[in-house]
Amino acid sequence: SPWRKQVSGVMGSTSLACWIVLLMPQLIEQWRLKSAEGIAIGFICIWFMGDVFNLVGSIWAGLLPEVIFLAVWFCIADFLIIASYFYYTHIFPKHHHSHGKRKSTSSSVGERHHHDRENHQHEGAAHHEHHHHEHESSPLLRRRSSTLTDIALEPEYHSIFIKYVLPLIFVVACGLMGFFLGGSSTGEGDDAPSPPDDIRLGPQIMGYMSALLYLGARIPQIIQNHRRKSVHGLSLLFFLFSTLGNLTYAGQILFFRSDSQYILLNLSWLLGSLGTIFEDSFIFLQFYIYQDNDKEDAVE
């Protein structure tokens, strides 16, 4: 019916918006902390393999160009996360360590010269007082600021609405605009994988392999969070985008058609999406359980 196609089209467009920005919050979190300790490398590597199978299956099945483009983007985004992990795990610590040694040496030289400058104590005290007033006012300024850069760099000064709810509303709004301004007035569900009614063995194998890898990818992350008793370094917004994207992706398929043949054709995608939502619920629970531990780590 037309209304089901409309809903399917809106969900498909919203899902597409989620997938485009999915990994950006995690990349920003790693850049902000200058660390990738929160993300499990097994999680990203297995997910990357799932996206590769997804790409091969999409091309093999002759899916729409938008679906293939999205599969390519998944692989590129995964590569960026993996590259960020290795940079902050292996390259950045070496550079930071050598930079710290140079800074320590400069500080010791400065301390020796400081004993020869006692006649400038009064000026130093005045400068310190001026700096103290600036330091006292800066948190207030930070709390009042609501720019995207400030939210990314200092999320602890912003409310839950600004950090999480507002980005989700923005992505849903982008999905709605993309659907209605993109000429999809009939809601054909173009973003959903809609192969012909005949079930082809090759693409189905790729689809189920991709679904299994997606489901297995969360396990290393859940185990790492449990061992660390912390989710510090993980972006909650990343998993919120993932859940919303999977939910609308599955809804897009189910609203477009609900006959058994069509469900069987898309069963691998449905299992991957709905199963991932189930696993992400455990990660959300870990965010809740370990939030006090993460606050203590942030203070330290």
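Including glycine, each Cβ sits where the backbone N, Cα and C put it.
What TrEMBL lists as compositional bias 'Basic and acidic residues' is 110-127. As annotated by TrEMBL, region 'Disordered' applies to 96-142. Under the heading transmembrane segment, TrEMBL lists 6-28, 40-61, 67-88, 161-181, 231-255, 267-290.
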Near the transmembrane segment (40-61) in space but 6 or more residues beyond its ends, with Cβ under 8 Å, are 67-68, 71-72, 74-75, 78-79, 81-82, 85, 193, 195, 200, 202-203, 205-207, 209-214, 216-218, 220-221, 223-224, 272
Long-range CB partners for the transmembrane segment (231-255) (under 8 A, at least six residues beyond its ends), listed in sequence order, are 4-5, 7-9, 11-12, 14-15, 18-19, 21-23, 25-26, 28-30, 33, 35-39, 163-164, 167-168, 171-172, 175, 189, 191-193, 221, 225, 262-263, 266, 269-270, 272-274, 276-277, 280, 283-284, 286-287, 290, 293-294, 297-298
Note: vs the transmembrane segment (6-28), the recorded stretch with the largest number of Cβ pairs under 8 Å from 67-88, 161-181, 267-290 is 161-181
